[in-house]
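Take a look at the structure below.
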Amino acid sequence: MRKYRRILLKISGESLAGESGYGIDAGVLESFADDIKEATDLGAEIALVIGGGNIFRGLSAAAASMDRVQADYMGMLATVINSLALQDALERKGIFTRLVTAIKMEQIAEPFIRRRAVRHLEKGRVVIFGAGTGNPYFTTDTAASLRAIEIEADVIVKGTRVEGVYDSDPEKNPNAEFFPKISYVDVIRKNLRVMDMTAITLCRENTLPIVVMNMNIKGNFTRLLKGEPIGTLVHVGEE
């Protein structure tokens, strides 16, 4: 039994780096590809957005005096590098994959056309959205929210390295409180770092649920799709 039909999976660039903190860890890439293959074998339609923080962070570079717009474009290119790496890992497992970018790169990717992206999903292809929104000042979290709404995804799944949403950083505070469910309003009120404010607001306005879960535990993604209570569900709640 599959709980969700169409899912947008958001993976941070840092998670691809593994223990090294930089670059792309082949083992992590392989593990993510295995999880996505299991999901497609269940009949789920999978779209992905990958960050670029393992290669370049535009906001950090801007803080170090680089022009913010230039830095953000460099960050967008970093997401394309990660997307190409994951596309290769998926295709080696026999999964038909399309890389779709917000910036035209005709030699390596299709331009983003909503109807075409949806058609790929309907045909059982995995769609990777690269280059963010194509505009500076917007994060890949916001890009994930936007693309999820455009393709009419049932849910955004944000893969992290912790179990879900806590009231403080569980890696620093062993007594941090875990939330199995939480409303968008409480996320905003408590200033919890689920996604940036623009991304959360987009999801709230379009009643798009978010599940935050530990992507580093093998099989978690598949268990979530089967309806097991994995991670934290961010939803409308009582407003």
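Note: Cβ is positioned from N, Cα and C throughout, glycine not excepted.
It should be emphasised that the depicted structure is a prediction, and the values quoted were computed from it without experimental measurement.
Swiss-Prot names Asp72, Thr133, Gly134, Asn135, Pro136, Tyr137, Phe138, Thr139, Thr140 for binding UMP. Of Gly52, Gly124, Gly159, the residue it gives for the same site is Gly52. Between the stretches 18-23, 30-35, 228-233, Swiss-Prot puts its region 'Involved in allosteric activation by GTP' entry on 18-23. Cβ neighbours of Gly53 (ATP binding site) (same chain, under 8 Å, six or more residues apart in sequence): Ser12, Gly13, Glu14, Ala78. Cβ neighbour count for Gly52 (UMP binding site): 26 (other Cβ atoms within 10 Å of its Cβ, all protein chains included). DSSP gives Lys10 (ATP binding site) a strand state. Between Thr160 (ATP binding site) and Gly52 (UMP binding site), the C-alpha separation comes to 14 Å. Residue density at Thr160 (ATP binding site): 21 other Cβ atoms are found within 10 A of its Cβ, drawing on all protein chains shown. Looking only at the binding-site residues Thr133, Asn135, the densest Cβ neighbourhood within 10 Å occurs at Thr133.
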